[in-house]
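Engineer: Marked as substrate binding site by TrEMBL: Arg35, Gln36, Ala37, Gly38, Arg39, Asp84, Tyr159, Ser214, His333. What TrEMBL lists as domain 'Uroporphyrinogen decarboxylase (URO-D)' is 30-39, 147-163. The site 'Transition state stabilizer' annotation in TrEMBL covers Asp84.
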Amino acid sequence: MAELTDARIRVPVDAPFLVAARGGRPSRIPVWFMRQAGRSLPEYRALREGVPMLASCFDPEMVREITMQPVRRHGVDAAILFSDIMVPLKAAGVDLDIVPGTGPVVASTVRSTADVFALPRLDPDALRPVGEAVGLLLESLGETPLIGFAGAPFTLASYLVEGGPSRNHERTKALMHSDPDTWHALLDTLADITLTFLRTQIEAGVSAIQLFDSWAGALSARDYRELVQPHSAKVLRGVGDALPKIHFGVGTGELLPAMRETGADVVGVDWRVPLDSAVRRLRDAAPDAPPPVVQGNLDPAVLFAGWPAIEREVRRIVDEGHAAAGHIFNLGHGVLPDTDPEMITRVVELVHELPVGE
Ligand code: CP3
């Protein structure tokens with residue numbers, strides 16, 4: 001594929017993040033943080049002053065700078081593109097905003113067959129600033145891999161159906177159970193939009209992708225398999241096998257094997273399930289598949305507990321991660337806004353000192 005011969009990509013094949021993602025033995029345990037680019041950094045808040053969230057995502061120079069900030073400050077093993085799961089919907093022309101302190105808010109909810117058919121298609125040209133930002137980042141990042149990402153169809157659907165963030169997802173669940181045909185049409189449309197967003201990033205040169213199904217943990221394993229999994233699988237299989245694919249959700253202990261079956265190389269685990277248990281669940285569900293690779297899973301709230309507690313938890317997680325064929329150290333969900341950035345830097349240093357395992 002073109003991206004593998006792209007001279008602008010200077011990421012070595014033995015970059016620890018890439019080796020671990022493939023289930024190999026890296027020179028050190030790789031570490032990065034979900035939401036590492038964002039509100040916990042004063043330099044981020046200064047740059048974003050007066051610029052709305054979505055506007056910043058369509059400004060390639062701004063995306064480059066915000067993506068670089070945590071790489072410079074913390075020395076993480078991977079960068080994640082500064083963007084949002086709602087960016088492809090915005091680019092398609094869906095009327096939505098990201099409201100500070102609330103999250104994504106959609107002007108017109110999507111709840112009927114007519115609403116689904118009225119959803120705009122995504123013209124890849126509308127994502128040109130995203131591709132440009134990736135191109136700029138290849139220059140700035142040098143040997144550090146860049147992770148591209150997208151929201152999975154279910155998590156995107158939950159925002160469209162509810163109209164905003166939701167605790168119980170009642171309207172989303174009402175739609176999937178009362179009108180499965182409309183539900184599947186909606187998720188199929190969203191899978192296409194997600195694929196376009198990911199392909200833009202892949203063609204521009206990202207080294208790996210993460211598919212966020214943040215709210216999938218709200219579903220039973222049965223409903224997940226029937227109503228969600230085929231659409232996430234369409235996305236991950238559509239991406240192909242040229243680069244590693246991470247799949248993550250919150251509260252997904254019961255769903256880990258089903259999420260892996262969508263075609264993920266790496267399964268993200270939140271803090272509720274110890275990594276060695278997660279590995280056992282994955283292995284028992286698919287004894288003939290390659291040994292599992294996991295990402296996670298420090299509770300983001302532990303970063304508020306003071307260094308002795310943080311150190312204890314990091315060491316425990318690294319030990320438990322030795323049960324996996326590969327472990328990418330991360331939080332169990334995103335960095336919380338009030339986190340002391342100094343604690344993040346110290347976690348990176350500690351993880352890099354700890355032994356990789358057999
Ligand atoms: O991880 C990173 O540092 C890269 C950038 C990134 C953002 N959003 C930037 C952002 C990524 C990977 C996301 C993904 C995302 N966005 C998810 C999946 C990951 C997860 O946390 O489960 C979801 C569900 C969203 C939707 C969304 N966007 C929410 C819930 C929020 C927070 C709202 C709030 O203010 O509490 C956003 C806004 C957002 N996305 C911010 C950032 C840095 C904060 C905006 C700001 O600084 O004003």
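Positions of Cβ are set from backbone N, Cα and C atoms, glycine also.
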Engineer: So which residues does the domain 'Uroporphyrinogen decarboxylase (URO-D)' (147-163) touch in its own chain, when a touch means Cβ under 8 Å and the partner is 6 or more beyond its ends?
Structural biologist: 32, 78-81, 83, 85-86, 88-89, 94, 96, 103-106, 109-111, 134, 169, 171-172, 175, 183, 186-188, 190-191, 193-194, 197-198, 201-202, 206-216, 219, 228, 231-232, 235, 246-247, 249
Engineer: Taking only the recorded positions Arg39, Asp84, Tyr159, which have a CB closer than 6 angstroms to any atom that belongs to ligand 1?
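Structural biologist: Passing the 6 Å Cβ check against ligand 1: Arg39, Asp84.
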Engineer: May I ask for the distance between Tyr159 (substrate binding site) and Asp84 (site 'Transition state stabilizer'), taken between their Cα atoms and rounded to an integer number of Å?
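Structural biologist: That separation, Cα to Cα, works out to 13 Å.
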Engineer: Within the same chain, where does the domain 'Uroporphyrinogen decarboxylase (URO-D)' (30-39) have neighbours whose Cβ lies under 8 angstroms from its own Cβ atoms, ignoring anything closer than 6 residues to its ends? I mean 6 or more beyond.
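Structural biologist: Answer is 15-17, 19-20, 45, 66-67, 69-70, 74, 76-80, 82, 147, 248, 328-331, 333-335, 337, 344, 347-348, 351-352.
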Engineer: Neighbour count, 10 Å Cβ-Cβ cut-off, for Asp84 (site 'Transition state stabilizer'): what number do you get?
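Structural biologist: Excluding its own Cβ, Asp84 (site 'Transition state stabilizer') sees 18 Cβ atoms within 10 Å.
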Engineer: Taking DSSP as the reference, which of helix, strand or coil describes Tyr159 (substrate binding site)?
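Structural biologist: Note: Tyr159 (substrate binding site) is helical by DSSP.
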Engineer: For the domain 'Uroporphyrinogen decarboxylase (URO-D)' (147-163), provide the mean pLDDT of the predicted model.
Structural biologist: 98
Engineer: When DSSP states are folded down to helix, strand and coil, where does Asp84 (site 'Transition state stabilizer') land?
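Structural biologist: Coil, per DSSP.
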Engineer: Can you grab the distance from Asp84 (site 'Transition state stabilizer') over to Arg39 (substrate binding site)? Cα atoms, rounded to a whole Å.
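Structural biologist: Asp84 (site 'Transition state stabilizer') and Arg39 (substrate binding site) have their Cα atoms 14 Å apart.
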Engineer: I need the least crowded one of these binding-site residues (Arg35, His333), counting other C-beta atoms within 10 angstroms of each C-beta.
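Structural biologist: With the binding-site residues Arg35, His333, fewest surrounding Cβ atoms within 10 Å: Arg35.
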Engineer: Give the number of CB atoms, excluding that of Arg39 (substrate binding site) itself, located within 10 Å of its CB.
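Structural biologist: So the number of other Cβ atoms within 10 Å of Arg39 (substrate binding site) is 16.
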Engineer: Sequence gap of 6 or more, Cβ distance under 8 Å: name the residues on the same chain that satisfy this around Ala37 (substrate binding site), in order along the sequence.
Structural biologist: Tyr44, Ile66, Thr67, Gln69, Pro70, Ala79, Ile80, Phe82
Engineer: Tally the residues of the domain 'Uroporphyrinogen decarboxylase (URO-D)' (30-39) by DSSP class, grouping H, G and I as helix, E and B as strand, and everything else as coil.
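Structural biologist: Secondary-structure composition of the domain 'Uroporphyrinogen decarboxylase (URO-D)' (30-39): 0 helix, 1 strand, 9 coil.
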